[in-house]
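**Student:** These came from Swiss-Prot, pasted as-is:
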BINDING   10-15, 78-80, 113-119, His134  FMN binding site
BINDING   Tyr12  NAD(+) binding site
BINDING   Trp98  substrate binding site
DOMAIN    4-192  domain 'Flavodoxin-like'
REGION    161-183  region 'Disordered'
Amino acid sequence: MTDVLVLYYSSYGHVETMAAAVAQGAREAGARVAVRRVPELVPEAVAERAGYKQDQRAPVATVGELADYDAIIIGTPTRFGNMASQMKNFLDQTGGLWAEDRLVGKVGSVFTSTGSQHGGQETTIQSTHTVLLHLGMIVVGLPYSFKGQMRMDEITGGSPYGASTLADDGDGGDRQPSANELDGARFQGRHVAEIAAALVAGRKREAA
């Protein structure tokens, strides 16, 4: 069985919701899925005043466990077109894994959330891809076989780089991931799990 890690950071719950959909899609493809979050860096009192969602059920990940999975799907909100500092801090600790080639050949993928339609979804995903490539991972996106990313009848996230959602309703209020955005997240989870399973099976045949 293929092992998939959905590793995310979420301030207000939007990426957490997308992570659950990604995990569902990976399970539908037959993968064994773990959902983990990275540690929060914001002091608890500050996070509480800012309204952060602090009751997230996913266990906190450790850097060392990344090597245990065949695929890692990363979810992060955008911060000025880049990943959140919480995710960057976590990934910056993978130097030991990098030095030992522990993540080389594993599948990596990224999804995100932004506050606005043009808030840096693609640059956030692509800049995170850079880290995955340095770690030697095989980067997988959200192919156009997911037709939902081509919709023109509604404002929606999603691009060939990865699933995404918009967190602001345009009037400063909260917007939750739409049905189409969640469909994209599930599709990405299935797609990554299927590719990882094919790679694992191929390597087992070569080793036999």
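Cβ coordinates come from backbone N, Cα and C, glycine included.
Values in this document were obtained by computation on a predicted structure and should not be read as measured data.
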**Student:** Given the binding-site residues Tyr12, Trp98, and counting only Cβ atoms in the protein chains shown, which has the most within 10 Å of its Cβ?
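**Tutor:** Of the binding-site residues Tyr12, Trp98, the most buried by Cβ count within 10 Å is Tyr12.
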**Student:** Name the secondary structure element type, per DSSP in three states, that contains Trp98 (substrate binding site).
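**Tutor:** In the DSSP reduction, Trp98 (substrate binding site) maps to helix.
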**Student:** Roughly how many Å lie between the Cα atoms of Gly119 (FMN binding site) and the residue listed as 'NAD(+) binding site', rounded to a whole value?
**Tutor:** 16
**Student:** Spatially, and counting Cα to Cα, which of the binding-site residues is closest to Trp98 (substrate binding site)? Options: Tyr12, Gly13, Thr78, Ser113.
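**Tutor:** When the Cα distances are compared, Thr78 comes out closest.
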**Student:** Could you check the binding-site residues Ser10, Thr78, Ser113, Ser116 and say which one's CB has the fewest neighbouring CB atoms inside 10 Å?
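**Tutor:** Among the binding-site residues Ser10, Thr78, Ser113, Ser116, the lowest count of other Cβ atoms within 10 Å belongs to Ser116.
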**Student:** Give the mean pLDDT for the domain 'Flavodoxin-like' (4-192) on the 0 to 100 scale.
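**Tutor:** Its mean pLDDT is 97.
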**Student:** Kindly report the helix/strand/coil residue split of the region 'Disordered' (161-183) according to DSSP, in that order.
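**Tutor:** Each residue of the region 'Disordered' (161-183) counted once, the result is 5 helix, 6 strand, 12 coil.
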**Student:** What residues, ordered by sequence, lie under 8 A Cβ-to-Cβ from Gly13 (FMN binding site) and sit at least six positions away in the same chain?
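**Tutor:** Long-range Cβ contacts: Lys53, Gln56.
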**Student:** For Ser10 (FMN binding site), which DSSP three-state class applies?
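**Tutor:** The residue in question, Ser10 (FMN binding site), is coil (DSSP, three-state).
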**Student:** Roughly how many angstrom lie between the C-alpha atoms of Ser113 (FMN binding site) and Tyr12 (NAD(+) binding site)?
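**Tutor:** For Ser113 (FMN binding site) versus Tyr12 (NAD(+) binding site), the Cα atoms are 10 Å apart.
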